[in-house]
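Listed features, source Swiss-Prot:
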- 102-357: domain 'UmuC' (DOMAIN)
- Asp106, Asp197: Mg(2+) binding site (BINDING)
- 252-273: region 'Disordered' (REGION)
- 261-273: compositional bias 'Polar residues' (COMPBIAS)
- 619-649: zinc finger (ZN_FING)
- Cys622, Cys625, His640, Cys644: Zn(2+) 1 binding site (BINDING)
- 761-791: zinc finger (ZN_FING)
- Cys764, Cys767, His782, Cys786: Zn(2+) 2 binding site (BINDING)
- 798-852: region 'Disordered' (REGION)
- 805-817: compositional bias 'Basic and acidic residues' (COMPBIAS)
- 821-839: compositional bias 'Basic residues' (COMPBIAS)
- 840-852: compositional bias 'Basic and acidic residues' (COMPBIAS)
Amino acid sequence: MDNTKEKDNFKDDLLLRMGLNDNKAGMEGLDKEKINKIIMEATKGSRFYGNELKKEKQVNQRIENMMQQKAQITSQQLRKAQLQVDKFAMELERNRNLNNTIVHVDMDAFYAAVEMRDNPELKDKPIAVGSMSMLATSNYHARRFGVRAAMPGFIAKRLCPQLIIVPPNFDKYRAVSKEVKEILAEYDPNFMAMSLDEAYLNITQHLQERQDWPEDKRRYFIKMGNYLKIDTPRQEANELTEYERSISPLLFEDSPPDLQPQGSPFQLNSEEQNNPQIAQNSVVFGTSAEEVVKEIRFRIEQKTTLTASAGIAPNTMLAKVCSDKNKPNGQYQILPSRSAVMDFIKDLPIRKVSGIGKVTEKMLMALGIVTCTELYQQRALLSLLFSETSWHYFLHIALGLGSTDLARDGERKSMSVERTFSEISKTEEQYSLCQELCAELAHDLQKEGLKGRTVTIKLKNVNFEVKTRASTVPAAISTAEEIFAIAKELLRTEVNVGSPHPLRLRLMGVRMSTFSSEDDRKHQQRSIIGFLQAGNQALSSTGDSLDKTDKTELAKPLEMSHKKSFFDKKRSERISNCQDTSRCKTAGQQALQILEPSQALKKLSESFETSENSNDCQTFICPVCFREQEGVSLEAFNEHVDECLDGPSTSENSKISCYSHASSADIGQKEDVHPSIPLCEKRGHENGEITLVDGVDLTGTEDRSLKAARMDTLENNRSKEECPDIPDKSCPISLENETISTLSRQDSVQPCTDEVVTGRALVCPVCNLEQETSDLTLFNIHVDICLNKGIIQELRNSEGNSVKQPKESSRSTDRLQKASGRTKRPGTKTKSSTLKKTKPRDPRHTLDGFFK
């Protein structure tokens, strides 16, 4: 007896799950028992039936667990939960918002209506759009037989043998939907479209503006015949009765026959008014929310010849329910007051609310909850049996609360495409379908400008078992080829798992998620080009920041200083110092105000670098002088590098003197120490000869730019005029002839192939000195020499010792002995000086000139 009762209960539950859901417009008053019997007979024994049985058992198990949990709840727990829920309900009541007017517009049987419009023969026949596998929608004639959306076509044929199933044409549906949305945008530019046939609008602002509109702006004319709409308003041509003015001629079935139009609404000009062939009438809409919605529906019907239903309420949840209240071709409004809202909610079935499906409905029915009033009465129990998100949503429904913000919640998290089809078991067809889905997904991603890293495939086999497989890649992707490469591997894995049995699918989908954000892009690996661009940006940003005295602007380059390289920061400081100097010469007192922030900037950047340094003693090689610094801390090494970088521009004379004394000490103080060379003599030495010193001292010479190399003759003449006692001499370079000839050939070809950079100073990345040239070829040669100056120095030293010089006058001998002393490497004791050849008058560039 008990087993029979259990079977009957299970059968009833299965009917509730698989039977007809009549909570849809146009399906009231049907013989559900007869319809459910046909549905059960058509599905029994099928895979779908078996899958529904399995799901029903799972739901029954959930209900059993819930009832066991309910039995263990004590009265004390229930009272505590009651206080908690009531407190939350009071908070919700305080935040209730009744100031917005939300409208939900829903087209009536949209797909079917478009097909009937384009094919008038289908107008009075039961039709559905879809296939024998699944229906997308049905018209109201078919709904009287129990045919509805989301029903297999073969079952619908059992319910209505004369049903006509029309294949869908989504391009046509999208075109009509675009026309409807153009009308909706005039009332709320920020309306939220939920699908092709429904949308939410907030007309609160429109209602405020509408109060001041004249009657002509709210008048729409109905014109018989195929004429276009003209924007110029006018007075109505014929007098209408009060009843005719109060209704929309196309919205209601009881409209007078003479007001049924065949064309579109328009506003006449004076010429068309006098045309006797034009029969016209007009409708003036009011300023209330209900009148606005009538106007919207009127315009939609006039433009598309399709009808729409609408709901008007203080929030989206109620507006959605109201739009289904008077379907088709109707509207319903809930006044913006708490009493009106609660009166509407009081007897509303819970299944009518969007978000409560058949599973939730069955679980609530097990607790004796059918209406929203009962939902509120059991609020404490629901808080103990359901998750926090669920019972919060239930309480919102029971109080008639919903969203008033039409903006979507947060950013898009994923994007997907999927397709249902008849059984596919061939691997080639599955790969081909997967490639089509990937191409469609890539197109959607590119339209939105999105890239993602996680690709997921969804597979449903013929037994209605759903599997999802995902793979995440390091870099964001968006192209069809990249997506398909990952999806194909995931699909191949599933094919191999079931081998040798084929993978029999009836649904496939591809999803992209983990979209890359701006923050993710900032942490990508830097390239060489990006590094060079960052250096150029650092120079420009430093120059711009010095033009502003605001402390907040000066702090911006400091925030980025830790991201620059060491040489970038030094180069920026050098340019800023040059800019400060030029401003002092031209702007006077104003330059002082700019100089102080630049000094503060330099001090702050130096202190920032010092704070990051470690005190551990290590061995470093100076990137400027290439000397090895042993047993020094990083801070001391940085100070050494600063001295090397700042040396040529700040303390050159003292360094030359220091080098002179140091070289004298290296030979055991056997020669007299001569005073430092005067400025005129120094210029002669720098332009007419290269003083050979240690490899470090090569960076101490003042003029190492390419200007000296390109203007050797001019500088030599200038030296002679200033100091006639300095002979015109050049340092011998006894390198191989091939090297010299190569340089000469390069020099001769340069005028034809050089690239010139204008508007930007070239700074050598090795010696960190600004080169006064715009010739990139000469600049590259200078950089090559700086990089290989160690090898060049060794060659010069080895060749210089083998050349002998004749003795000159006493004054010249003393000077040459001093130069020879600096030329000798440590440990050499010979006092013989090298003979210096006279510099040729040929203006070609030499290695000696480039080295300067």
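Each position is counted from 1, following the chain as shown.
Cβ from N, Cα, C; glycine included.
Model confidence over the domain 'UmuC' (102-357) stands at 81, taken as the mean pLDDT rounded to a whole number. For the zinc finger (619-649), the DSSP-based tally of helix, strand and coil residues reads 16 helix, 8 strand, 7 coil.
Calculated from their C-alpha atoms, the gap between Cys644 (Zn(2+) 1 binding site) and Cys767 (Zn(2+) 2 binding site) amounts to 9 Å. Helix, strand and coil content of the zinc finger (761-791), in residues and according to DSSP, is 15 helix, 5 strand, 11 coil.
Among the binding-site residues Cys622, Cys625, Cys764, Cys786, the residue whose Cα lies closest in space to that of Asp197 (Mg(2+) binding site) is Cys764. Under the DSSP three-state reduction, Asp197 (Mg(2+) binding site) is assigned to coil, being neither helix nor strand. Of all the binding-site residues given, namely Asp106, Cys622, Cys625, His640, those whose Cα is no farther than the 10 Å limit from the Cα of Cys767 (Zn(2+) 2 binding site) are Cys625. Taking each Cβ in turn and tallying the other Cβ atoms within 10 Å, the top scorer among the binding-site residues Cys644, Cys764, Cys767 is Cys767. Candidate binding-site residues: Cys622, Cys625, Cys786. Fewest other C-beta atoms within 10 angstroms, Cys622. Considering only the binding-site residues Asp106, Cys622, Cys625, His640, the residue whose Cα is spatially closest to the Cα of Cys786 (Zn(2+) 2 binding site) is Cys625. The 10 Å shell around the Cβ of His640 (Zn(2+) 1 binding site) contains 17 further Cβ atoms across the protein chains shown. With every protein chain in view, the residue among the binding-site residues Asp106, Asp197, His782 whose Cβ has the most Cβ partners within 10 Å turns out to be His782.
For His640 (Zn(2+) 1 binding site), the nearest neighbour among the listed binding-site residues (Asp106, Cys764, His782), judged by C-alpha distance, is Cys764. On the backbone, the CA of Cys625 (Zn(2+) 1 binding site) and the CA of Cys764 (Zn(2+) 2 binding site) stand 14 Å apart. Cα of Cys764 (Zn(2+) 2 binding site) to Cα of Cys622 (Zn(2+) 1 binding site): a span of 16 Å. Residue pair Asp106 (Mg(2+) binding site) / His782 (Zn(2+) 2 binding site) shows a Cα separation of 75 Å.
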